[in-house]
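Data block below; observations after.
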Amino acid sequence: MNAPIIDPLQGDFPEVIEEFLEHGVMKCIAFNRRGTLLAAGCSDGNCVIWDFETRGIAKELKDKDCVSAITSVCWSKYGHQILVSAADRSLTLWNVLKGEKTGSTTLLPVCISDADTASSRGKVSDGTPPFTPTAACFNKYGDLVYVGNSKGEILVIDFERVQIEAMVPISGGAVVKNIVFSRNGQYLLTNSNDRTIRIYESLLPNKDGLKVIDEITKEFDGLDGAEKLKAVGTKCLTLFREFQDSITRMHWKAPCFSGDGEWVVGGSASKGEHKIYIWDRAGYLVKILEGPKEALIDLGWHPVHPIVVSVSLTGLIYIWAKDYTENWSAFAPDFKELEENEEYVEREDEFDLNPETEKVKEPDVNEDEEVDIVNVEKDSAFSDSDASQDELCFLPAIPCPDIIEQQDKCIEISSKMIENNNSGSPPSEEAGVNGRTTNHASSPLEVLDNPDDAGGARVKRKRKPSEKGLELQAEKGKKPSKPSGRLSKFKTKSMVHQDNSNGTYGDDNSDE
């Protein structure tokens, strides 16, 4: 799509279903950092990776040890690894290029009491009910982990020291179902069980956030335990906006940010509905996308383009894209669209034969300047890219070998075609130049213009003059034309009846 002919006032959010992907029963999805690959977890425990540019399957990660449904997939920053969680509580780290399992896992504390008084089953000593982590995500640079738990708290954890650094309570103490950062690391989104989506603004810098937390912690040395963590949490996150449907009070599925963080998208959790709601950061609802009558279980926004990918309960992936309207007036720089007719007064020299035209300004280009064809320009959308780090954007194509049975069938069919062509079947021998078959027995009046032509050239039809035609020629004193020798051997039905009336009888092939 040409960018100059696209109307910039149309908005940069998707509108219609452009395509759908089908491979088994898919449950969850995740884009890589560039949006070139799409990972999908299936109900049989396997993970499939789609090439999003070609909409083809690039690799399939098959886990023989896992038969449970995949619950989530997550890419590493540079796309070399995928972290997959399953319904059997297993956590697997895959090497994408090799298609092999790798790495190890570390247990993190899920509540404040886990750091000191938690037992093996997660029950604390003071008798309070146990609670578990429900969602987690890294910050932009990966030095902190933000965990939402079933008690309605957001925990900021230093995973290297396995220590909770801050805690932010959610109003009402609702269970946190989803937690995700915007791509620029400035905003944190949570989806709670109270049917509310909350946006928090991060007060920590994207880089070296752990050092800043250590400095903030020193300011509250006079506090202890949960009070100290809450005080530090007020310096880490602040509530920015809340999103909810005040009329229907529906639950939300898999909310997330757009690639540029300008839009917030969430799916309806109602059964039999495939609706996607899009808000701006100010909290205004700008679009509702209605899909097929299938429940929505997961969705994701493309990191760069205005494309939303949603997963239905039946296991299909729907791709929502922008329905672009081309503005063709952009091709002419002096063209102006008019709402209504306007009176135009032409110039005196407007239609002269040799009008004075302005000289075209020569482009200010230094022809002696060397062009760099080695270094790649830095993409502004990925300002934190490390040039020294090799990023996996595409997977190499691996051709699939053909099935032997299909090869044998193709060879057999081709050999039969060759035998038929060499055997010289009757239809091929009688075929004319125009590709039609001729039957000389049924059309004996078809003769060659040149009988000596060995190639069997053009076929022309000649007819015997009728009795009325002979009489007209005789009246005019013209001698009737005598048919050719080969044609005289054949008689039409009219000639046979004429001979029979004179008392002579014979078959069609008898001589006169």
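Numbering starts at 1 and runs along the chain as it is shown here.
Cβ atoms are placed via backbone N, Cα and C, with glycine included.
Residue counts for the repeat 'WD' (26-60) by DSSP state, with H, G and I taken as helix and E and B as strand, are 0 helix, 22 strand, 13 coil. Taken from TrEMBL, the feature repeat 'WD' covers 26-60 (among others).
When averaged over the repeat 'WD' (68-104), pLDDT in the model lands at 88. The repeat 'WD' annotation in TrEMBL covers 68-104 (among others).
The repeat 'WD' feature in TrEMBL is assigned to 176-201 (among others).
Marked as compositional bias 'Acidic residues' by TrEMBL: 346-355. Residue counts of the compositional bias 'Acidic residues' (346-355) by helix, strand and coil are 0 helix, 0 strand, 10 coil (DSSP-based).
The region 'Disordered' annotation in TrEMBL covers 346-367 (among others).
Sequence annotations record features per position, and here TrEMBL assigns region 'Disordered' to 418-512 (among others).
Feature annotation from TrEMBL assigns compositional bias 'Basic and acidic residues' to 466-478.
Feature annotation from TrEMBL assigns compositional bias 'Polar residues' to 495-504.
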Task: Three-state composition of the repeat 'WD' (68-104), taking helix and strand from DSSP - done: 0 helix, 20 strand, 17 coil
